[in-house]
Structure formats: C-alpha cells, structure tokens
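Student: So TrEMBL lists these for the protein:
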REGION    1-23  region 'Disordered'
TRANSMEM  87-106  transmembrane segment
TRANSMEM  113-133  transmembrane segment
TRANSMEM  153-173  transmembrane segment
TRANSMEM  194-217  transmembrane segment
TRANSMEM  223-243  transmembrane segment
TRANSMEM  380-400  transmembrane segment
TRANSMEM  420-441  transmembrane segment
TRANSMEM  504-528  transmembrane segment
TRANSMEM  549-567  transmembrane segment
Amino acid sequence: MELEMEMKRRGGQGESNEEKWVHDSSVDHKGRVPLRASTGVWKASLFIITIEFSERLSYFGIAPNLISYLTKVIHQDLKTAAKNVNYWIGVTTMMPLLGGFLADAYTGRYAMILFSSLIYLMGFSFLTMSQFIPSLKPCNKAKCHRPRKIHEVVFFLALYFISVGTGGFKPCLESFGADQFDDDHSEERKKKMSYFNVWNFALCCGLVLGVTVIAYVEDNVGWGVANLILTITMAIAIVTFYMGKPHYRYRLTGGSPLTPMLQVLVAAIIKRKLPPPSNSALLYEVPMTQKSQGRLLCHTTRLRFLDKAAIIEEKDNISIGQNPWRLATVTKVEETKLILNMIPIWLTSLPFGICVAQTSTFFIKQAATMNLKVTDNFRIPPASVFALGAVGMIISVTTYEKIIVPTLRKATGNERGINILQRIGIGMVFSILAMSVAALVEMKRLRAVDKELIQRGKTGPLSLSALWIAPQSMILGIGDGFALVGLQEYFYDQVPDSMRSLGIAFYLSVLGAGSFLSSFLIIIVDHVTGKSGRSWFAKDVNLSRLDNFYWLLAAMSGLNLCAYVILAKKYTYKNVQRREIVADGSRGDGVELTA
C-alpha cells in the first residue's frame, strides 16, 4: 500500500507510468518506487557481476591449488588432503543456506553482501599474514618438512573465514543481480534470461584467471604474493559494488520465509478430515488488489492434501486479522508445494555434484604427475587444468545464448528455448560422458606409470602430457554450462519470491553436498577395496586406481539420470498470475507457467 501511495505522489497511476516506474515490490536506495530508466537492468547488475568476478578469481585462486598446498607444505597424504579439500568446499557451499535464510528473512540482500564481503576479505587478510609474518610462516626454511602448528591453525582459520563470508554473499549476489530485472516487463524478463548466462561467463573468466595467472604466481613466485594480489583485488571490488548503490533495486524483507510453510502444514493437518473441494475457486485467496507485496500463484492439482489449508469453514473469520495457522491462501499453499516438489530434483542433482567435486581434487593430482611443460622453459601449474573446464563452460554458455536459444525460440515459441529441467538433464548426460573419458585417460596414465616408473625406474613426472586431462575437463565444463546454469535458474525461479536468496543457496548446496558425499564415498570405497588387499586410494596417486572410481561415478550417474528423467517429466512448474507490461507501457493480466 505504501508503494502504491508513493506512485500516486510521484506521477499517478496511468498506463504510461507502467513503463516509467517499477512496481514489482522493489524500492530504490531511498525506499521509494524505483524509476525504471535510472535503476536496475544492466546498469545495476554489472556492478554486481564485477564483485562476483573478483570473488571467483579469489576463490579459484586458492581452491584448485589447495590440495597441492596441503600435500607439499602441510605434508598431508593424498587421502587426507582430498578429504580436507572436500570438507572445506562442502562447508563453503552449504553455508549459503544460513546466509540466504538470514538475508531473505531479516537483513536484506544488499546488507548481507556488504557484511559478508568484509568477513571474506578478513579471511584473505589472514591468509596473506600467514605467509608474511615470520611467526606465522610454515617455517623459517625454504622447504618445510614439518610446518608450525600455529601456521596450520591460522591457515585453516582463514579458510573457514572465507567459507563464512561466502555463505553470506554467494546466495545474495546472484539473486540480488536477478532482482534488478522486472519479471512483469517483457523486455526485462528476456534480459533476465540472458543475465544468468552473462553471470556464468564472468564467473568463468574469473575462474580461468584464478587457475592460470594466480596459480602460476603461487607455484613460481609464492603463495604470499598471490594472496596479497587477491586481497587487494577483493577490496577494490567491494568499493566498486558500494558505488553502484544508487542504481540498485532493493527487495523488502518480510520475516522468516519458512513460517508460512509451517502455517500451511498446520492448517492442512487441522482440516485433514475435510473433503477436498470439487472446485479450486472455492479455496481462499487474497484478491490481487489487496496484495501489496509479491505475486499470486494459480492452483495446481499436485499434493492435494495441502489444499485443505485453504478450505474456508464457517467459523473462519475472513479478514485482515484472520488466523494464518487455520486458513492459508492458495498462494501460500502453492509456495509450500513448490518447496516440496524441489526435494526430489535436489536429490537427483547430487550425483552431478559428486562428479564436479573431482575437478578440484583428483584431476589436479593426476595432472601433477604428468608432463606440464608447454616449452622447454615454461611449465604450467597443475591447477591450470581446471581452466579447461571453464573454457568448456564458456563455449557452452556462449553457444547456448547466441545460437541454441534464438533457434529454439523460433522453433518452439518458448522464451527459454528449452525448459529448465531439460537443460539440467543435458548437463547430466555430459557428466556421465566426462567420468567415462576420465576413466579411460586414467587407464592410459597408469599404463605409462607401469612402463616408465615401475619397469624403467624413472623418477619425476611422466612423459605423458597433462593435456590428456583436457577432454574430461572440457566435457564436464560443457555439462556445467547446461546443468549448473540450469540449476541456478531453477532454484531462483521456482522458489517462492520471498526465498530467492535461499533458492541460490539450494543450488550451491548441491555442490556442497556433492563434495561431502564425495568424501563419504571415498571413505566407503577405501574401506571396501582395502579389504581385498589394494585400496583404490593409496597415498601415492600413481599407486591408486582412480579409473575404477571414475567408472563407479559414471555408473551411479547413469542410474540417477533415469530417475531424474522420470521426475522431470512429471514436474509441475510455478504457475504465476502475471501482470504483463510491454515496452510501450501497455499491460494485461494473464497466467504464465515459468518453465
């Protein structure tokens, strides 16, 4: 209501103002209705994409090379180092569930981004200090056989500061950027679909620089210099993000987004003995004219038990003060259905997350044993093989955005080209192919190990080029361009409007849970195969059987894909009552299935 009064004060409610003002429940930095010409869209989202580029540069500047640091400087064995990397990545990608909830419920996305960015910056500051302050260094010698305990403490403390910081701004950054586009405006909605592709293009650029330039500095100049570069870059990005404040559109918080879900469940249980209504029009809903914030959803026929929460009884007091624990609106019921429908999709996405987890652990250690020389005098860091996945993702995203989507839009009439779950499924197919190729390449590498190191007694790296890792990395990167971008769109678009930071957190939790499950799978497989006399995971990667592990992941992913396809075919997308605004300012009411 306050937003409507503000619109009246600043120019009235005429049709021309539909194009001039943005009335999608967002406000500008002064709490007023945003002016479309000066806020949002690319002019705002580019500030946000800038800090995401810096964050990904920083994160991938340390993550892929982390296993090398743990084995070479901290002197952990391969199995322990891989588990520690997976635990850290898991925590880093699960923390956004908490940060997303707090942002949606209490702080708002902008405040959470600023606060958590400072925590993230503190983490990199601690990493830098652990390399430059003499008492915090691993040791006083050029090479450490046993690092100081204080260095390990500060090092891991810094890493988990970065995890906490990521938990705050990672779910908010992407959703805050998407908030800059009005879903009710036809042109802005199309730009929003491109936004996720541009976002991931910037992410990949940051990733490529992190695993090439920064990794090279870490291996050839020093970790301290690399950390200092990343700290300064992040500080500049935070200042840049703050400069965009006048151009942003902000969403008001409305308390815990989980409370309405609980209210629906309680109301449905209370009315469990009532028969479902024969006509959905008999269910309770607030008229659109009374709805001051958010969009209304249409009724769907799935999970009909929950519909009982919206059945109107004679004793229900239909008023502004009606008890939400006894009577819920159709929109609240449908929002609860959306979350419950997401659980099977989330579960069937986890094997893909397990496959992605291998890129930052075993792929790197394999490359470290191979020939990394580009010329006689230039050797690439092992972590740089991670860049090949980013190259694959850039190719995938660019091709999808510039060729596939325009072609399919004309052929199908669908704004997206293909629906979201189809895009994710295509990415899963690529992950199966990537694990199969990884197994074949590892078999070839092990034959080279047997021939050169065991039979000939050679020491040092193999003659086999590390570029043999390229096919599996690029195929998985192409799959990321479909599955990861699709998961981002899915969890942002299909959650209730009040839970969009949590939605991005759900997407990140796929990667986090995938990392944890990868560690758990390593423990189980190590235990089972160790009983037969030779574990698949030896202290030395040259004595391991990673090819068998990759075949196992390919088989698991293949079975999972069958279950995913069945779920995707039966899935019901969010059904929104949308007020459509076209570029000339005219509007109309309608229903849209956001697939």
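Just so you know, glycine gets a Cβ as well, placed from its N, Cα and C.
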Student: Do the transmembrane segment (194-217) and the transmembrane segment (420-441) come together with 3 or more C-beta pairs under 8 Å, pairs six or more apart in sequence?
Tutor: no
Student: Thinking of Cβ pairs under 8 Å, which stretch from 153-173, 223-243, 380-400, 420-441, 504-528 has the most of them with the transmembrane segment (113-133)?
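Tutor: Looking at each of 153-173, 223-243, 380-400, 420-441, 504-528 in turn, the most contacts to the transmembrane segment (113-133) are made by 153-173.
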Student: Are there three or more C-beta pairs under 8 angstroms joining the transmembrane segment (420-441) and the transmembrane segment (549-567), sequence spacing 6 or more?
Tutor: yes
